[in-house]
Structure formats: C-alpha cells, structure tokens
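Chemist: Would you mind keeping the following structure in view while I ask a few things?
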Amino acid sequence: MESESESGAAADTPPLETLSFHGDEEIIEVVELDPGPPDPGENCRSSGHGTGGAHLWPMTPVSPPSSLHPTGHSYRLPSPFPSPPTPTLLRPGRGGGSPDASSGPSPHTPPSHHPLGPPSPHSLWPTPGARSSPVLRPTRLRLPATSPPPRPARHNPVRLTSPSCHMTHPSPRPPLACASIPPIAAEARFPLPKADDLAQEMEDVDFEEEEEEEEGNEEGWVLEPQEGVVGSMEGPDDSEVTFALHSASVFCVSLDPKTNTLAVTGGEDDKAFVWRLSDGELLFECAGHKDSVTCAGFSHDSTLVATGDMSGLLKVWQVDTKEEVWSFEAGDLEWMEWHPRAPVLLAGTADGNTWMWKVPNGDCKTFQGPNCPATCGRVLPDGKRAVVGYEDGTIRIWDLKQGNPIHVLKGTEGHQGPLTCVATNQDGSLVLTGSVDCQAKLVSATTGKVVGVFRPETVASQPNLGEGEESESNSVESLGFCSVMPLAAVGYLDGTLAIYDLSTQTLRHQCQHQSGIVQLLWEAGTAVVYTCSLDGIVRLWDARTGRLLTDYRGHTAEILDFALSKDASLVVTTSGDHKAKVFCVQRPDR
C-alpha cells in the first residue's frame, strides 16, 4: 500500500525534466518536489507511473545537487536520438585536429536557444554563427588580429583558433517536447568555466607545430607560404657565419677596406649594424634612421662608416669610438659612395643633385644635374672625377674640384632609358654604363666618346615563345671590368651573364642563370667573376672558358647585395630572408 501511495503521488505531480545534448548521451535533469534527500543506493528510476509494467532506464549520477534545488541531480541516459560528435580542440599551426582529453566536455546549446536563459559573463559562447579561421603557415604560427567574415554555423568540432579562445559551436537541434519548468539559473544545470579555470585548461593544450598535411586540412584550407621566404630555395647551408639581427630584408653590405674583418649591413627594418665577420658578433648599431637603409660603406681607411636611408638621411660614425660624428638630410637617396683617397662622401638624390661632403667638418658642394633622379654614380680611380648616370638616360663626367661637367652624353650617345649601373676600369680610362634599355655602353673617360655598344642582340637569342606568351622585360643590372684581361662582364635581369672581349667588342661567353642577376664582381688579379642572383645562389665563373667553377647556397630568399674580400677568401651576402651570411671561398686552383 505504501508503494501504491507513492506511485499515485508521482502520477499527480510528474517530475520536471529538461534535456540537453552531450556527445553520444543525453543529460536529463530531474527536479523533484520532494525535499527529502535522494537514496544513494538507487541505481535506476521509473520512466512511467507506478511500478507495474514500468520500463526501467539505467541512470548514473553525473553532478552533485544544486544549491538552488537540493534534491536536483543530473543523470546520464542512453540517447534514442542521433547526437553531434564530441567537441575537439584543433591545435594551432596544423591542418587537422584530434580530440584533446584534457580539454573536457563543452556545452552545446547556444545562448539564444538555451532553455535556462542567457549564460553568465564568463561564458565561452561566441556570437551565433561567428567563426574564426586560423592562418596556417609552414614555418611559424601567425594568428590574425581580427576574425574573417562569419560563415554559416555547422555541426563542426569546437576549434580553438587563438589564445583568446574564440570558439565555434554546432548549430542547435530542434527543441524536444518537455514539461514547462520554472526559471533556474544556468549554474544549476552545469557550472560555467571561470577565467582561472580556462587558463588552467589552456596550459594542458599543446601548441607545438606538428607535421603539415600535404593536401591541407579537412576544411579545405591551403597552407599559405610565408611572405619573403621561398620554400623552393631551402636546402644545404654552405655559409660559415650567419648574422640574423635584422628583422626585414637586408639591402646592402660593405666590408672595411683596410682589414676586411668588419661588415656593415642596412635593411628594410630602418636599421644598420656593424659586426665582425669571424663570428658575427655585433659591434654597434647605427641608430636613428627613419626609413629603409639602402646604402652603407666604410671610408678608405676604415675609420668611418656611413649609412643612408631612402628618405635622404645620411649618418657617419667613428668606428673605434662607435659614436656618430656627422649627419645630413638631403633629398630621397639614390646612391652613396666614399672617395677612394679622402674622407669625402658623395651621394646622388632624386632631385638630380650630386652631393659631396668633407666629413666630419661638413663642407659641402653640389653638382646640379637634369631635373630627374641621379640613379647611379662612381668616383674615378684618380679621385678627381666622377661619372653619374641619370633617369633620362644622360651621362655626365664631373670635375670634382671645379664643380662643372667635363663631358655630357645625351640623345643617341646616351641611353634610351634610366641608367642602372656604372663601372670604371683600373686606370679610369674607360667607363661602362648599363641601362634598362638593355644596352651597355663603353665610354672613353678622356674624350667622352662612346667607343663600344653591347646590345642584347649579341647575346644568344632566347628560346621561341609559345603562342600567347609574352617576353619578360630585361635590363642591365650590373657590370664590371676584369683587371688582368681585356674583358668586361654584363649581368642581365633575364639571368644571362655575358662576357665581352673589349679588344674585338664581341661576345666571348654566355653563362645562364636560373633567375635574374642582381650583382657581379670580378676577383682582383684573376679572370674569375662572381655573381649573385634572385635564386639565392652565389656562383663563380671562369671568364676564360665560361665554365661554372662552384656555387654557394644557404639563403632561403633572393640575394640583394654581396661583397668580396680583397684576397677573395670571403663572400658576404645579404638577402630577403632577413639574414647576412659569410661564405668561405675554396678553390682548387689557389
């Protein structure tokens, strides 16, 4: 009889139930009106009224009683409905994720459909439908500052995309029919994580990058190559020393001419450094620049070092004291060079002027050119003249003492495009100029007459282009004279190194590179020419035979400048991979 009365009471006042999804099970919260404590030995409850013929559902308590409802317990019930997959955490920096046991379960019902009202301020629920996609990179994790446009919500795993814990949850299922319930705080059903709890959970998440998937991840995200790094250039590193204090592309390098033990480099990070070649140790930083440092060099006696940035700010430092001794702000800087015999600095600017200063007292002289940038310049070996090339294709040879042009080459005698480079032979009697018009002109510094023209037609023709293909633009990028033979080398943007015989003005050898040549230098006392190119490789060529002697690799981006020691035992390179490298040159013929 006592059992029947209890069954009748249960029939008059049915228990209140709410359901929410969690993995492959459902959580039923039973709120009993009987204030008496639950029977700890109870392992099951009746799903019907009374005991006769009742179907018993196995249940297991999963949470303690709530403070608001002392008799309320949560029980696990095998789900007769399909459920969304268990949430998983995606490790940053890889294509796919695996479940992280340390992360624990996470609620599934978004706030807008929560039967118990909005969550507390500590809830991890994002804006419904919002999603933050990680940027996957092959070498390091770089997370976006802001999230991309929202995507439609789907039944996807929870994805942890940044340390700030932006998450995406599955869209809600249609609500199940259940009895109405009085308002109950969300904490009565399940405790929401606090900030400290979240931080503790984050400590268990492994953020180390794992092996990248070849075809991207399950969402179809494709790995983005890192800006400034060319993956195809990765390979063995032949360098002896790597200087890595720059944080952006390194544009220029110069060695001290007296001892060849120090280097100065300047880069896109608005910084210049003086460092030691033997071990890469930093001596001092040339601070104070406000734009990319594109020019740097030591004076003839290695006592001073000058740096110049694109804005036209030039600074000179005393090497032994590491102190700034002079500065000047001109127009936008195009080139800068020290006088070969005196502490005199020359520079060309975008307003067409060529400047000459005596350092450190600052005595200044200007050489007014045409109303266009002075794109390149070189002081002749006698120290009394300088040759300057301009954007309009004109060439001027200046008398440095008098301040007037000795020779002016323009029109057909000049170039049909901006000059890119200029070089002189050992005694200063000949000048070689290069331009974007793909011509190299040999000029007599004494008479100012053009004595030879090396056109791209003299270089072997390129393979026939297919239908619809366009020929790439070409230009002369670097050139120079051999000191022991009547040879000149011209490097082109299409990767061709042309060796010309000056006595006959004919092409002697053609050496092909895989990509454009950036700069070339002749080794003193030999017929070996060094080239650096956009494929990140330094090559040594025998100009007598046109044979490749050796090459040096180590950069993961294009080489932008390089310097050669006086005895040709060291090559120092700078690159778009933010590094400068020192290579020890070893040749069997030494």
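Every residue gets a Cβ built from N, Cα and C, even glycine.
Computed from a predicted structure; not experimentally measured.
So TrEMBL says this about it:
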type     : residues : note
COMPBIAS : 107-121  : compositional bias 'Pro residues'
REGION   : 1-177    : region 'Disordered'
REPEAT   : 243-285  : repeat 'WD'
REPEAT   : 286-327  : repeat 'WD'
REPEAT   : 381-408  : repeat 'WD'
REPEAT   : 412-453  : repeat 'WD'
REPEAT   : 510-551  : repeat 'WD'
REPEAT   : 552-590  : repeat 'WD'
Chemist: List, by number or range, the same-chain residues at least 6 past the repeat 'WD' (243-285) whose CB is under 8 A from its CB atoms?
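Modeler: Contacts of the repeat 'WD' (243-285) (Cβ under 8 Å, skipping residues fewer than 6 from its ends): 228, 291-298, 300-302, 305, 307, 309, 317, 319, 322, 557, 560-563, 565-567, 570, 572-582.
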Chemist: Sort out the residues at least 6 away from either end of the repeat 'WD' (552-590), same chain, that have Cβ-Cβ distances under 8 Å to it, and list them.
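Modeler: Here the qualifying positions are 228-231, 233-244, 246-255, 257, 260, 263, 265, 267, 277, 280, 515, 518-519, 521, 523-524, 526, 528, 530, 532-540.
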Chemist: Can you give me the average pLDDT across the repeat 'WD' (412-453), rounded to a whole number?
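Modeler: Its mean pLDDT is 96.
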Chemist: With helix taken as DSSP H, G or I, strand as E or B and everything else coil, how many residues of the repeat 'WD' (243-285) land in each class?
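Modeler: Tallying H, G and I as helix, E and B as strand, the rest coil: 0 helix, 22 strand, 21 coil.
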